[in-house]
Amino acid sequence: MKKFWPWLRLLLAAGILVGLGVRLGTGAFLDGLRAIDAFSVAAALAIGFATTLLSAGRWVLVARRLGLSLSVRAAVSDYYRAQLVNAVLPAGVLGDVHRAVNHGREQGDVGRGVRAVFFERFAGQVVLVGIGLAVLLTHPAPGLDLTVDGTTAALVAAGLAGAMVVGWQVGPVRRMLVHTLADGIRLLSLKTWPAVVALSAAAVAGYVALFVVAARAAGSDATTTQLAPVVVLALLIMAIPVNIGGFGPREAFLAVAFGAAGLGAGQGFTTGIVYGVLALVAALPGAVVLFLSRRTGAEQSGVVAERLDEPREQELALAR
């Protein structure tokens, strides 16, 4: 099943996009591509730099609190590269996996490197959920009933508790849980979590701003108050690992949400397309990081090979 799951995710995402295209017509997709102009591209790059800097700063705080060394410059470059990989490859998390393992190897502790990225991303999601709940309580999304009955909540809680109990019986899983819990407790320090929350909240504001730019470029005249509840839900929907380069569930949700709010399903679909393209544009500096890292790696390999040949050359010189 593991072998087929990545392909199944691609098929599901493709099915969603094809279904939307059939239902709403290809015009909405083409409108989204045509709506992108120089201003929206410049805004995407500026907002992308701000959110990347904020997120990288969050990673630096978490990593250092866990005893790992990480400079802001290295964090920003690695974060850009991870965002680009997340944007162009299925699942949307492979870039984060790479930066976690790579940083862990550099520090000689892969487990702690992975946990640092896990807690950094987890903190961002927790803050996003908190902001989302606050927005939805004050400005409910029109036409969308998001109430959860007590039975469903109890079943989810019981399922999570059961999974932890079962996992605790397995030695490697138990050790992982112990280390994760210990590191999580360290991050609850007053020197760390307030700054992490503040950086995460500022990053969420950046994501919302990019959505507003996308909506305006797509021709939507909805107010920010109307867009806010839809946007925060769309950001949460984007965490579903079923997409093609980020496209799929987000566009489906926006089509439904915009339609329910009386803004037009086609408008929602177009906004999703514009946002997806702008998000990719915002991650494009990661391509520069990838190129430079490959070039540096090639140069280092050449230097190592040259040094390995030196003893042989010296032997030949002595033989003469």
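Positions of Cβ are set from backbone N, Cα and C atoms, glycine also.
TrEMBL annotations: computationally assigned, not manually curated.
Values in this document were obtained by computation on a predicted structure and should not be read as measured data.
Copied over from TrEMBL, here are the features:
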- 41-61: transmembrane segment (TRANSMEM)
- 122-141: transmembrane segment (TRANSMEM)
- 153-171: transmembrane segment (TRANSMEM)
- 192-215: transmembrane segment (TRANSMEM)
- 227-245: transmembrane segment (TRANSMEM)
- 252-269: transmembrane segment (TRANSMEM)
- 275-292: transmembrane segment (TRANSMEM)
Q.
Ranking 41-61, 192-215, 275-292 by the number of C-beta pairs under 8 Å to the transmembrane segment (122-141), which range is first?
A. 192-215
Q. For the transmembrane segment (275-292), what are the same-chain contacts with Cβ under 8 Å, counting residues 6+ beyond its ends?
A. 32-33, 36, 40-41, 43-45, 47-49, 51-52, 77-78, 80-88, 210-211, 213-214, 217, 245-247, 250-251
